[in-house]
Structures are given as C-alpha cells and as structure tokens.
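Report on the structure given below.
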Amino acid sequence: MGWLPAQGRLAAGLLVNLAASICIVFLNKWLYVRLGFPNLSLTLVHFAITWLGLYLCQALGAFSPKSLQPAQVLPLALSFCGFVVFTNLSLQSNTIGTYQLAKAMTTPVIVVIQSVAYGKTFPLRIKLTLVPITLGVFLNSYYDVKFSVLGMAFATLGVLVTSLYQVHELQVNSMQLLYYQAPMSSAMLLFIIPFFEPVFGEGGIFGPWTLSAVIMVLLSGIIAFMVNLSIYWIIGNTSPVTYNMFGHFKFCITLLGGCLLFKDPLSVNQGLGILCTLFGILAYTHFKLSEQESNKSKLVQRP
C-alpha cells in the first residue's frame, strides 16, 4: 500500500482488519452450524495457512524471523493451540453475543493472574472497571435463551488459556512469534485430531465435502491469516487509542451481526448486560491508556 498517502494506508489497513475480523467470526459460525465442519480440523487449516502466509511474508522481507529455542516456544504454542481451539468451540456452542462477551472476561482474569502469581498491583479505579465487565457477562449469559452449559465450559476454558497465554512474554513481535507457534501448534493438532474427530469419511477433514465447502474452509484460513497480518500492521502504524477504540467498534458490529445474520435472540436484560460490559471495557481502556501516558510523561521529565 506504499502508493497510497498515509491517511489512505491507515484507512485501508483498518478496513481490511474490520472486514476480516468480522467475517472470520460469521464464516466460522456458518461452517460449524450449516456444514458441520469439524472444529479442530478447521483450526488446523487456519494454523497451516497462517504459517504458509508468514513464510511468504518473511521471504518478501515483511519481517525478519528471530532465533528462538523450541523450549521457549513450546509452552506458548501449547497455550496458543488451546486458546484458539477452546475459543472456536465456544463460538460453535454459543450464540455470537455470548461468545463475544465471554472473551471480555479475559481482562479480569489477567488482572487476577498478574496480582496473585506475579504480585503486580493495580489502582483501585482499574479494579472497579472489572465489576461492570463481569456483571455484564453474567447478565447476558443468565438471560441467554440459548444458554449452553457445555458452551460456557468451553468459553471459560478459552478465557483461562487465553489469559495464561497473554501473560507470558518473549522479546519478539507478534509476527516473529506466530512464525514459530503456527507450525508447532499444527503438529500438536495433527497428533490430537484422530482421537477426537474423524479424519476420513463423513464429517472428517478428508471427507466427501463439496467443492464450495472446501473453498469456504480455505477462505476461512486465508481470512484468519489476514486478521493476524492486519493486527500486526495496525499496532505498528497507529496509536494505542486508535487500536483499542477500533477494537470496541468491531465488538459492537460483531454483536449486531450475530443478531441479524444468525437470528440470535436478544432480551432487554441481555442488552443491559452488553451495555454494562461495554462500559467496563471502555473505562478500563481509558484508565490504562491514561496510565501509560502518565508513565511516558514521567520518563520524559527525568533529568
């Protein structure tokens, strides 16, 4: 996009991420609900296409791989594999609204993990924002007429594994980390899939799928790669405020799309839960960004 002016590149990058992030949710839900495509197998397709895409990107000079030891990447690859699988299982088993709101619980869980396991302290105002987030998720789940115990179990596991994944840090960017994680996570799934899903025959990854089904599965993998690639670009070319506010916008659009496309029922109490959670997320983002700006100012003022 070098031929575009700066504002045009920014708009194009945000538009690609918006379209890809929303399409991947709706397309995956359609593959699970309408086609009955196996969950773990679809995740494997995503990992494989992501790795191939990253291999092409590094070959074209988009980023430089950083040497990492397998022992460093293995725990992250395991948790990466777990959080993607459980998040997809949550999407398969829950309404899109419940799926989206459940992911918001990652923030409170990360705060708890960092406080208990790493002794990190958070200001009271940050802790208070976790109350409306948690309350909103509870309200939405409690009044969801399509509530599924199994779906909530998957959502809970997804939140826990995602939180554990996000508190681990290596001195690499997201592209460099994914370059090693994707093939390692693919290998894990190759070993696991035969124990949980059919491989050949009806309902298996190599089953008698129609050409249109195969195209949609491959398209889902390409879109998943585009989500990762566009997030990397946005983080590198926008401010934290833009990135976070854009994330909240996608959150709202995805919720609306779930109601319109999949006819997910939405009661008044669920609506209150969504607003409550959104208020908590916005407040948390505001306070965290203010804290970061304050820390930057203190560093600049030091002699």
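Just so you know, glycine gets a Cβ as well, placed from its N, Cα and C.
Under the heading transmembrane segment, TrEMBL lists 12-32 (among others).
Taken from TrEMBL, the feature domain 'Sugar phosphate transporter' applies to 19-284.
Summarising the annotation, TrEMBL assigns transmembrane segment to 44-61 (among others).
Per TrEMBL, transmembrane segment is recorded for 73-91 (among others). Here the transmembrane segment (73-91) has Cβ contacts under 8 Å with residues 25, 28-29, 32, 39-40, 42-43, 46-47, 99, 102-103, 151, 154-155, 157-158, 161-162, 164-165, 168, 170, 177, 180-181, 184-185, 188-189 of the same chain, all six or more residues outside its ends.
For 97-117 (among others), the entry in TrEMBL reads transmembrane segment.
For the transmembrane segment (149-165), same-chain residues at least 6 beyond its ends with a Cβ under 8 Å from one of its own Cβ atoms are 76, 79-80, 82-83, 86-87, 89-90, 92-94, 98-99, 102-103, 105-106, 109-110, 113, 141. If you look up TrEMBL, you'll see 149-165 (among others) marked as transmembrane segment.
Counting only same-chain residues 6+ beyond the ends of the transmembrane segment (177-196), those with a CB under 8 A from a CB of the stretch are 38, 40-41, 43-44, 47-48, 50-51, 54-55, 58, 63, 65, 68, 70, 73-74, 76-78, 80-81, 84-85, 170, 205, 228. The annotation transmembrane segment is assigned in TrEMBL to 177-196 (among others).
What TrEMBL records for 208-235 (among others) is transmembrane segment.
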